[in-house]
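Below you will find the structure I want to go over with you.
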């Protein structure tokens, strides 16, 4: 005979994802891989920015890319054209990448030790905020063709990001976009966030972004247990 | 969409529990959702009914305990309550606040048969 009973669970709803993310993070740390989770709305210029970044970093250290989209492999094709290895994850109906998908993609992609792994998340400022992939940093991209109030409208994402790139700054002369206001709004939700202005099209501001990546990569390398043991 | 994904995670957790704790029916699910967790409670309720169909929790009553958002204000050096992520410190108006509570997304307990 079954009887009604109470199960005290206290289980984190996203605990399973967090477990996969922790395994990814441990793997990246062991290999000295810097993993960056790039998040933005659709159309912020993420893929163009990434292609430009890969072209500028070519020959400096190995880079690899995981591309997340609901459908098509168009973005991975664009990335591969730069010479960097890329793998496409199609989430189908899903609105975000999760730790499990990224773990599988890393198995297939097998990025070399001491490389930089860019994970381009599905264009969506809501759901990817909640799903840890095991990355070192979330980098949010906000283009100047969007509103200055985006950080306030999507506070979870901007609160989770360590760096915000304000992209398409070459268009500023044609727009009413107030960069200072956008930056102030980002700081309202995240007072520690770093902010950089870039134009993937003209290359303006890209040097500071590349320097940020270099710095983060050194941090990832210094945390590498195998190096400490050598 | 976000809430649907969360409901799918809840269903997976409940089904795991059903296997390990040997129950076949869930009568009540109690969740703890923080005010700053990014979860829309109404959307979660809607998604819950849809996602639980055909599962052991198909007829379960959903109970949601909402916890308040709290933050540490750096200038004041005290814990304050905030309703939204972009809220300033209610004492000094500063945005130099660090969220300390209200991000929870948990299954607290299940009433099962």
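Here the Cβ of each residue, glycine as well, is placed from N, Cα and C on the backbone.
Copied straight from TrEMBL:
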- B:2: Ni(2+) binding site (BINDING)
- B:73, B:76, B:89, B:92: Zn(2+) binding site (BINDING)
Between residue B:92 (Zn(2+) binding site) and residue B:2 (Ni(2+) binding site), find the distance joining the two CA atoms and give it rounded to the nearest Å.
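Between the alpha carbons of residue B:92 (Zn(2+) binding site) and residue B:2 (Ni(2+) binding site) there are 34 Å.
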Quick test of understanding: given the binding-site residues B:2, B:73, B:76, B:89, B:92, name the ones whose C-beta is under 8 angstroms from chain A.
B:2
Can you check which residues sit near residue B:73 (Zn(2+) binding site), meaning Cβ under 8 Å from its Cβ, same chain, 6 or more apart in sequence, and list them in order?
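Expected: B:79, B:80, B:89, B:91, B:92, B:94, B:96, B:97.
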Just jot down the residues in the same chain as residue B:76 (Zn(2+) binding site), at least 6 apart in sequence, with C-beta under 8 A of its C-beta; none if empty.
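Listed in sequence order, they are B:89, B:91, B:92, B:94.
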Residues with Cβ closer than 8 Å to the Cβ of the residue listed as 'Ni(2+) binding site', same chain and 6+ apart in sequence?
B:38, B:39, B:40, B:43
Among the binding-site residues B:89, B:92, point out the residue whose Cβ has the most other Cβ atoms within 10 Å, with all shown protein chains included in the count.
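Per the Cβ count within 10 Å, the most buried is B:89.
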Excluding B:73, B:76, B:89, B:92, which residues of the same chain place their Cβ within 8 Å of the centroid of the Cβ atoms of the recorded Zn(2+) site?
B:74, B:75, B:78, B:80, B:88, B:90, B:91, B:93, B:94, B:96, B:97
Under DSSP, is residue B:2 (Ni(2+) binding site) part of a helix or a strand, or is it coil?
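Assignment for residue B:2 (Ni(2+) binding site) reads helix.
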